[in-house]
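Since the structure comes first, as structure tokens, the remarks are kept for the end.
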Amino acid sequence: MALTEKQEALLKQSWEVLKQNIPAHSLRLFALIIEAAPESKYVFSFLKDSNEIPENNPKLKAHAAVIFKTICESATELRQKGHAVWDNNTLKRLGSIHLKNKITDPHFEVMKGALLGTIKEAIKENWSDEMGQAWTEAYNQLVATIKAEMKE
């Protein structure tokens, strides 16, 4: 299902707030992932030997920021472009990494829950069910693109 103009506006409005503190929001995203699914830390080499989210881990900080920024920026561009705007090499890499790490639907659902939780916490009183639906739809479209590449 394509994003509506209103959903696109909600994504962009919230992204304006989120991008003001990508380091904090990206670490929060990973904290929520590990909280919801502690076993998921074994997917990330830089978290395997840790019992908590090491906020001073430079590899985690860098990776988390890239993931968070990529998801959010891609989500805000979906309606305008009509699809995820990843180039072919990026898409192949995303498919390959997710396939290699045996990422399945439950993993994607944990990520979605963590993403929505992170955004809701950051947006505070500006959060709405409509905003949540917009982010859910955008995330689902991005994941569908990755899953399609995983099958190739």
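Each residue, glycine too, has its Cβ placed from N, Cα and C.
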Among Ser40, Ser45, Ser128, which is the one Swiss-Prot gives for the heme b site where Lys59, His63, Arg93, His98 also bind?
Ser45
Correct range for motif 'Homodimerization' (source Swiss-Prot, candidates 35-39, 75-79, 120-124):
35-39
Name the residue range among 1-13, 105-117 that Swiss-Prot annotates as motif 'Homodimerization'.
105-117
Compute the average pLDDT of the predicted model within the motif 'Homodimerization' (105-117).
96
Binding-site residues listed as His63, Arg93, least Cβ neighbours within 10 Å:
Arg93
Number of Cβ atoms other than its own within 10 Å, given for Lys59 (heme b binding site):
12
Counting by DSSP secondary structure, give me helix, strand and coil numbers for the motif 'Homodimerization' (35-39).
4 helix, 0 strand, 1 coil
Other Cβ atoms within 10 Å is the metric here; tell me which of the binding-site residues Ser45, His98 scores highest.
His98
